[in-house]
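Listed in TrEMBL for this protein:
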DOMAIN    251-398  domain 'Oxidoreductase molybdopterin-binding'
REGION    504-529  region 'Disordered'
TRANSMEM  20-41  transmembrane segment
TRANSMEM  76-96  transmembrane segment
TRANSMEM  103-121  transmembrane segment
TRANSMEM  127-148  transmembrane segment
TRANSMEM  175-193  transmembrane segment
Ligand SMILES: Nc1nc2c(c(=O)[nH]1)N[C@H]1C(S)=C(S)[C@@H](COP(=O)(O)O)O[C@H]1N2
Ligand SMILES: [Mo]
C-alpha cells in the first residue's frame, strides 16, 4: 500500500541522527548548567575539573607534545578536545537511550557524579565542588528523557522500516525545536556563567594590583611569645582564607574601586561624597578586631579576628555633621543589603572603620572589596556592611535595616562568649597530661578571665595568653588554656568568660534569634585508658 519501497537516505540517517542530536543537545544543556552553577563553586566547573585532572595526570611527554603542537593555545586545544570527546560520547548516549532506556540517562548521571567526585579531590576544592558536575549530570538526564520521549521507541523505528508510518513532519519539527531550545539554553547558561566569572576575574586582577598605603597608626604588635602553640587552638589572627563568610549575596559583587564612591547623606549638614582615591589619601589606621555573626551558636565558628586597615568613620561623620535627633546610620551595600548602626557606635572613641585592608591585603572580594565597615563590639548584621556605598544618617524610628525587617533585634551588641577549641567534642583524648584551650571575646570591653569546669567540679581559672587580658586590645578575643590531667572515662567540660568589668558570662541559654546566643559552651569527651 505504500509507494515507497526503500527508505530514503534522509529517513534512515534521521533515525540515527535524531537520537544522537537528543544526546548532544542534553549534554550541551548539562554542561551549560554546570558552568553556571560553578559561579557558586569557583574552579569546579565540569570542564575545569576534567581539564585540570587531565593536565595533572598527563605524562611529561604528552604535555611537551601538546605544547609543541599548540603552543600557548594548548589549554584551548585541551578544552576543544574534551568537548569533541563529549559530543561523540553524548551522541552514543542518545542512541543508547532510544535503544535501551534508561541506559543513556544512567550514563549521563554516573558521569555527573564521577566528575563531581573528581572535583572534590582537586586542590583547593571547596565543600560545594561536587555541585556543578552533579547539577550538570542531573540536567542532562532530565533533558535526555524529555527529548527522547519525542522520538519513536526503537521498536517503532524498526516497524517504520517495515512500512509503518514514519513520524510526521510535524513530529520531526517539534523534536528539532525542542532539541534546539535545549541546546540554546545550554549555550546561554554557559555564556552567562562565563560573563559572571569574567567580572570577578577582572576585579580580582584589579585587586591584585593594589598596593595599600601604610597605616599611620599600626595595630599594637603582639609580643613575640604571644602565639599560644597549642594544636587545635584558634590562632590569635584568623587567616583570610579561614575567616567565616556570611552574607546575602548569591554572587559576590564585583566592584571596581575606580567606580566606587561612598555617599554620606540624610540628616546631615553637609553631604559628603568620597572616592576610592580620596579614601586612600586619608590617614589609615590599623586595628585588630574580632567580628562575630549574630547567628553564631554557642561554641560555633561564625567568629574570627583580623587586622583591619581603614579610616575612622567618626572623622567622615564629623565632616558631614549629623543633625540633632539623628541616632542611627543606615549603611547600604552595592547589592542592597542594609545595616542600622547606632550613631554613637560610629562616633565614640572605639575605632569604627571604613576598612580597605584585611590582614595586610586589600579586602578579599567575598569580605567586601573594595570597602566595608568594621565596628568593634557589634554583631555583623548591624554594623559590618561589605561592598558599602552609602551611609544615610537617620533615626531608628524612621528606618529599618535588612535583618531588622526579618525579626532580628534593631540593636546588636556582641554578647560575652567563650569557646572550647580543644579537646574537640567526639575526638578521643588519651589519658594523662593534656590541655584544655579556647578563645573568649567581648569586643569593645575585653575579657579579664576564663573559668573551666570539668564534670561537676569547681570552676578553675584558665590562663590567658600573654597578648590577651588587661594589657591587650579589648577589641579582640583572648586565647586561654588550662592544663588537665585527663582520667579515663567520659567527661563534660564547660567554660565561661569574665569580662573586663568582672561580670561573669551568663549560663542562661538563648538561641541566636533575635539578638545573639547565650549560655556556656560545653563539650563531652571520652578519655581512653
Ligand atoms: N553587603 C553585605 N554586607 C554584610 C552582610 C550582607 O549580607 N551583605 N552580612 C553581614 C553579616 S550578617 C555578617 S556576620 C558579616 C560577616 O562578615 P564576613 O563575611 O566578612 O565574615 O557581614 C555583614 N555584612
Ligand atoms: Mo551575621
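Count begins at 1; order follows the chain as displayed.
Any Cβ shown, glycine's included, is placed from N, Cα and C.
Owing to the predicted nature of the structure, the values given are computational and were not obtained by experimental measurement.
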Inset, instruction - Would you mind splitting the region 'Disordered' (504-529) into helix, strand and coil residue counts from DSSP? - result: 0 helix, 11 strand, 15 coil
Legend entry - pLDDT averaged over every residue in the domain 'Oxidoreductase molybdopterin-binding' (251-398): 97
Inset, instruction - Would you mind listing the long-range same-chain contacts of the transmembrane segment (127-148), meaning Cβ under 8 Å and 6+ residues beyond its ends? - result: 19, 22-23, 25-27, 29-35, 37-38, 40-41, 43-46, 49, 90, 93-94, 97-98, 101-102, 104-105, 108-113, 115-120, 175, 178-179, 182
Legend entry - Counts by DSSP class (helix H/G/I, strand E/B, coil) across the domain 'Oxidoreductase molybdopterin-binding' (251-398): 28 helix, 60 strand, 60 coil
Inset, instruction - Determine which residues of the chain contact the transmembrane segment (20-41) at the Cβ level, with the cut-off under 8 Å and only residues 6 or more beyond its ends counted. - result: 47-48, 86-87, 89-95, 97-98, 104, 108, 112, 119, 126, 128-129, 131-133, 135-141, 143-144, 147-148, 151, 175-176, 179-180, 182-183, 185-190, 192-194, 196-197, 250-251
Legend entry - Chain residues in Cβ proximity to the transmembrane segment (175-193) (below 8 Å; excluding those fewer than six residues from its ends, i.e. six or more beyond): 18, 21-22, 24-33, 35-39, 45, 143, 146-147, 150-151, 167
